[in-house]
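Participant: Supplied in structure tokens, the structure appears directly below.
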Amino acid sequence: MAAQIWGSEKRARRRREISAKIAQMPELHDSKPLPFMTREEKIMESARKLTILTEKMGQIIDPTDPAELYHLNNEVLGLEGNPMALHGVMFIPALSAQASDEQQAKWLPRALRREIIGTYAQTELGHGTNLQNLETTATYDLATQEFVLHTPQITALKWWPGNLGKSSNYAVVVAHMIIKAKNYGPHPFMVQLRDEKTHEPLPGITIGDIGPKMAYNIVDNGFLGFNKYRIPRTNLLMRHTKVEADGTYIKPPHAKINYSAMVHVRAYMLTGQAIMLASALNIATRYSSVRRQGQIDKSQPEVKVLEYQTQQHRLFPSIARAYAFQFAGAETVKLYEHVLKEMKSGNVSLMADLHALTSGLKSVVTYQTGEGIEQARMACGGHGYSMASYISEIYGVAIGGCTYEGENMVMLLQLARYLVKSAALVKSGQSSKLGPLVAYLGVKSEPTSLIDRIPNSGFTEYVKTFQHVSKRQTLKAADMFFGLMEKGEKREIAWNKCSVELNRASRLHTRLFIVEAFVRRVNEIADIRIKEALTDLLHLHVNYELLDIASYALEDGFLSASQLDYIRDQVYLYLGKIRPNAVSLLDSWEFSDIELRSVLGRRDGNVYENLFKWAKSSPLNKTDVLSSVTQYLKPMMEKARL
Ligand SMILES: CCCCCCCCCCC/C=C/C(=O)SCCNC(=O)CCNC(=O)[C@H](O)C(C)(C)COP(=O)(O)OP(=O)(O)OC[C@H]1O[C@@H](n2cnc3c(N)ncnc32)[C@H](O)[C@@H]1OP(=O)(O)O
Ligand SMILES: Cc1cc2nc3c(=O)[nH]c(=O)nc-3n(C[C@H](O)[C@H](O)[C@H](O)COP(=O)(O)OP(=O)(O)OC[C@H]3O[C@@H](n4cnc5c(N)ncnc54)[C@H](O)[C@@H]3O)c2cc1C
């Protein structure tokens, strides 16, 4: 199963080998539990480990393999981030995709050797979503052949970029490019921020940390202002766009090609989210098979809480989602790598499809991951609320994904643009022009669903039902939009008035893609036992997801009440079937105790003794009487007693 999850036997084996090596290297372990550290201590601890990793990486992993690097980071540095999180996730990808060969030769080896630390600085205090209204400018000075970066007012300060505040000395900065008073829109520039020797900010640069956040606090998200700060013309990233010495602008082959670093993260973050969901579920499910509370049969001893159907219903559908996201994520990364290769050689024809797909997936996956992790926390009762479970930290980090790389509603609306265009093709009789991801919009469906009507139909009737509801909602939302425009409403106003319905269509389309990716994967599996276990999970997935969106299929009678009863019964049936495999389905992800950082989720199940040990190690327990008591509470009580 681990081979299915991680992509191959070899990958699963390598992960095990890497975890085993890390277990033997105490210098790479947390020196004390992270929840007992201050933010400053955590940042120091992370930098300490990161430096050792830089020295010893070659002994542990193949540093050229991103999957191994990702695993190493998760184990050693953890999900709260590290001082170079953005360096690998966005800075290097931005240079790789947008810098010319000459620029790459100059900067990439230095970045890869970690001579410099970089980030991606785009969002500002006043604007994040609406890139067209960013305020930072890069004005070309023909006389010196330099760009002058400037922050015209406080809202133009770069705000949020990870590791910008304290760690990075370089950044890819997105600014509006102005040449001879003409604004060419946002473009990426390579900018040195700090002196390479002293790490002091360079003159003309104002920079710092934006303060503590809900989670992800090892990362120093930062602010950045420029005061007429000059960089050479050749620091504009020039793979696709060029500015010649005389100010001549050569436009890129696609207007949005400079957005590729964002698409990169949107594609890769899906498996990251699956891992966080599976981690929280692993903790909750292991704990649920240790925790005994109450009886189902009063004549019997207390049961493990995992025996309760409500507990299974809370956890198991999310286990199925974690697998589904991992499989859909793997497909998306493959597509991304393909499109990136094409893009580098000038073929931009697949960019719109990739953008639509990743926009929808990013939104649905992060939202459902957040839901699943929060349910996992609640499933642990009181101990879930303790940082000893570590679930609240996983939650805080995961839901950051609902916001970064494009706020979820906004990204769903991006997919909706693509769906509405596709609907227009269907309506004008041009279904043959639909791309493969939306081809179903042009296919006439049966009048009613055949779920529970055809024996041995596998998952086909489920997929057709998801297709039906997605198609119906897309065409309905598109009709509403076109109808408003026909009535004379301006395009943008009409769009806003339909946007809730449009986003519903985007979610349904994306959920269909996830179901199909899961079905595709199960169909590929040769090992009969693995196929069986995953087929059970897929049964739970399709039935649970369909129940969740049943109103769409009920309102036009595509599903009947009796079919809904069948679907509900299937959910209960598969909860029971999955119960014996539940812990294994999560143990198959092979997270080590070092990586999970959870007292509740320990592999050995020795929860109570270790919770007590953990509590005793709280800094508050260093002394029996705190100074808050001697200074304030004791005098207050004494005064009250007089
Ligand atoms: C590797 C491991 C992964 C683990 C990850 C964990 C690490 C966590 C680190 C977190 C790092 C976070 C970083 C950031 O957040 S960086 C900042 C990200 N910011 C955003 O995402 C901003 C969101 N906004 C946008 O992307 C755009 O502004 C938006 C797309 C919403 C609109 O852009 P714009 O105004 O320029 O365009 P229009 O709406 O007018 O659309 C015009 C057409 O262009 C199409 N389009 C837009 N983007 C793309 C694209 N990327 N590719 C292709 N096409 C694109 C759009 O669909 C329109 O097309 P149509 O006119 O044909 O409909
Ligand atoms: C943990 C974290 C890490 C980050 N890292 C980085 C980084 O490394 N580099 C970087 O540059 N940025 C980074 N960001 C910033 C991030 O990319 C932005 O916060 C994000 O893109 C959302 O933009 P915003 O904050 O402007 O939200 P806003 O756009 O102000 O959103 C506020 C509300 O308005 C709604 N809204 C906005 N526009 C529309 C619209 N057109 N239609 C409908 N609704 C709309 C949204 O849906 C939302 O409900 C990070 C953010 C976080 C939380």
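Just so you know, glycine gets a Cβ as well, placed from its N, Cα and C.
Below are the features listed in TrEMBL for this protein:
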ACT_SITE  GLU405  active site, proton acceptor
BINDING   THR123, GLY162  FAD binding site
DOMAIN    1-117  domain 'Acyl-coenzyme A oxidase N-terminal'
DOMAIN    259-420  domain 'Acyl-CoA oxidase C-alpha1'
DOMAIN    460-638  domain 'Acyl-CoA oxidase C-terminal'
Participant: Between the residue listed as 'active site, proton acceptor' and GLY162 (FAD binding site), how many Å separate their Cα atoms?
Facilitator: 12
Participant: Please report the number of other Cβ atoms within 10 Å of the Cβ of GLY162 (FAD binding site).
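Facilitator: There are 27 such Cβ atoms around GLY162 (FAD binding site).
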Participant: Given the recorded positions THR123, GLU405, and counting only Cβ atoms in the protein chains shown, which has the most within 10 Å of its Cβ?
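Facilitator: When each Cβ's neighbours within 10 Å are tallied, GLU405 leads.
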Participant: For the domain 'Acyl-CoA oxidase C-alpha1' (259-420), provide the mean pLDDT of the predicted model.
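Facilitator: 97, rounded to a whole number.
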